[in-house]
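Asks: Residues or ranges marked as domain 'Major facilitator superfamily (MFS) profile' by TrEMBL: 18-418. Per TrEMBL, the feature transmembrane segment maps to 12-31, 51-71, 83-102, 108-130, 178-195, 226-251, 263-283, 295-312, 318-341, 353-375, 395-414.
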Amino acid sequence: MDYSSTVPSHSPLKTVLPWVVWGLGCLFYFYECLLQVSPSVMSNELMRDFAVTSQTLGILSGIYFYSYAAMQLPGGVLMDYFGPQRLLTIATAICAISTIAFGLTNNFFMACIARLMIGFGSAFAAVGAMKLAANWFPAQRFALLTGMMVTIGMLGAIGGETPLALLVDNYGWRESMIIMGSVGLILAVLILIIVKDSPDKKNQPHTIEEEPLLPSFITIIKNRQLWLVAIYGGLMYMATPVFCGLWGVPFLMFKMNLAKATAANYISLVFVGWAVASPLWGLFSNRIGRRKPPMYIGSIGALITSLLFIYANIETGWIMQFLLFSFGIFSAGFLPAFAVAKELCSKRYVATGLSFMNMMNMIGIALAQPMIGFILDRMWQGEMIDKVRVYPLEAYHVALALLPAGIFVSLLILPRVKETYCQSVVNQ
């Protein structure tokens with residue numbers, strides 16, 4: 001039966017239903033972003049309960065991104081074939097069950113497996129929400145909906161800071177993970193019941209009209225410009241999830257003598273900056289008809305603000321808050337790079353090209369997380385509080401130098417990236 005035929009064309013439900021369906025997809029993206037950054041507010045508890053060092057904790061946090069990155073390219077093909085409703089339901093359930101397992105296990109290896117599976121399920125969140133946007137809305141709304149999706153994701157990341165920190169302080173990290181997993185199971189049921197692949201189709205397997213994955217991937221590998229913009233994007237994006245997802249809270253607790261919840265509140269301002277700026281950078285790029293100026297402004301601003309909040313002697317809370325909020329705004333300036341990637345690819349390879357760029361983003365994070373932990377451990381001076389290693393400020397200064405260094409390298413790459421002038425530069 002035609003799904004859309006059950007609702008008259010003039011019915012308010014016909015207008016509201018696309019937003020509900022797409023909104024549930026975005027809620028999964030919200031949930032995924034919350035889970036992604038969750039280790040940041042329980043890093044000390046994880047090191048204590050699993051008796052691990054910062055380097056090992058970096059592996060536990062970074063392993064999420066290994067499976068996330070690995071599933072980017074095949075995830076798009078699977079989404080086309082099976083449809084978003086089936087895959088989003090399964091992926092949400094995988095995230096939820098794995099989160100509960102993470103909270104229950106006392107074994108570090110099993111905790112790593114749980115985080116790996118959370119990353120596996122999370123890989124379908126963004127592409128699923130974008131697929132629903134493409135299926136349920138006119139094409140001219142796609143860019144706006146993508147920006148709104150990023151904003152919703154940043155709100156999820158905010159939820160993974162102060163609210164989750166308060167939950168951890170009141171109930172413990174294990175109980176908090178079980179609660180979050182239970183919420184995910186409820187979301188999976190809602191997606192199963194409410195979401196449909198598109199207004200005019202049942203949830204049936206789709207026919208893949210694109211070329212097979214291997215030829216598409218080979219075409220991507222040969223595209224030098226796509227490599228450049230993907231590496232630029234990976235180096236720019238890396239700083240936000242690496243700092244905010246694991247090391248930012250303990251760094252601020254030590255640097256400014258803050259309570260965990262207060263430090264998490266400071267970190268959440270980075271995501272607030274992202275949430276505010278994400279749609280605006282795209283609008284600015286479209287308005288001036290160029291992609292690279294926002295990318296330059298974002299990179300330079302992110303470099304300056306990151307150097308200041310890491311190395312400057314800041315004793316006033318509002319100054320640190322302003323710098324972190326500004327860092328979020330400038331970091332979001334790399335988002336037009338996704339439009340560049342799209343405009344560098346012919347229509348048949350757009351999904352693969354965007355997946356490739358997202359994969360490069362995740363690879364940078366997966367490499368940087370344990371690397372920072374390794375540097376911290378090498379500079380540890382033996383101090384421990386409540387069975388948790390305490391690192392000197394100098395150790396954080398050296399380890400976190402990877403973040404502004406990555407942004408600086410992205411600035412060196414950017415002049416080599418081709419300006420697309422907001423239009424496709426290849427024959428379709």
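Yeah, the Cβs are placed from backbone N, Cα and C, and that goes for glycine too.
No curator has checked TrEMBL annotations; they are predicted automatically.
As the structure is a computational prediction, the values presented were derived from the model and not from experiment.
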Asks: Tell me whether the transmembrane segment (353-375) sits in contact with the transmembrane segment (226-251), defined here as at least 3 Cβ pairs under 8 Å among residues 6 or more apart in sequence.
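Replies: As far as Cβ distances go (cut-off 8 Å, pairs 6 or more apart), the transmembrane segment (353-375) and the transmembrane segment (226-251) touch.
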Asks: Excluding the flanking five residues on each side, which residues at least 6 beyond the ends of the transmembrane segment (263-283) place their CB within less than 8 Å of a CB in that stretch?
Replies: 40-41, 143-144, 146-148, 150-151, 154-155, 157-158, 161-162, 164-165, 240, 243-244, 248-250, 252-253, 256, 294, 298, 317, 320-321, 324-333, 335-336, 339
Asks: Which residues, given as numbers and ranges, are at least 6 beyond the ends of the transmembrane segment (395-414) yet have a Cβ under 8 Å from it?
Replies: 228, 231-233, 235-236, 238-239, 242-243, 247, 251, 254-255, 292, 295-296, 299-300, 302-303, 306-307, 310-311, 334, 364, 368, 371-373, 375-376, 379-380
Asks: Hey, would you say the transmembrane segment (83-102) packs against the transmembrane segment (51-71), going by three or more CB pairs under 8 A that are 6+ residues apart?
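Replies: By the criterion, they do not touch.
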Asks: Across the domain 'Major facilitator superfamily (MFS) profile' (18-418), what is the average pLDDT of the model, as a whole number?
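Replies: A mean pLDDT of 88 is what the predicted model shows over the domain 'Major facilitator superfamily (MFS) profile' (18-418).
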Asks: Which sequence positions outside the transmembrane segment (226-251), separated from its termini by at least 6 residues, show Cβ-Cβ distances below 8 Å to it?
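Replies: Cβ under 8 Å, 6 or more out: 36-37, 39-41, 43-44, 57-58, 61, 157, 161, 165, 220, 260, 263-264, 266-267, 270-271, 274, 295, 298-299, 302, 306, 328, 331, 333-334, 337-338, 340-341, 344-345, 353, 356-357, 360-361, 363-365, 368-369, 372, 391, 396, 399-400, 402-404, 406-407, 409-410, 413-414, 416-417.
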Asks: State the non-local partners of the transmembrane segment (178-195) in its own chain: residues 6+ outside its ends, Cβ under 8 Å from one of its Cβ atoms.
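Replies: Counting only partners 6 or more residues beyond its ends, the transmembrane segment (178-195) has Cβ contacts under 8 Å with 20-21, 24-25, 27-28, 31, 34-35, 38, 84-85, 88-89, 92-93, 95-104, 132, 164, 167, 171.
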Asks: Under 8 Å between C-beta atoms and at least six residues away from its ends: which parts of the chain pack against the transmembrane segment (12-31)?
Replies: 4, 84, 88, 91-92, 95, 125-126, 128-129, 131-133, 136-137, 145, 148-149, 152-153, 155-156, 159, 183-184, 187, 190-191, 194-196, 199
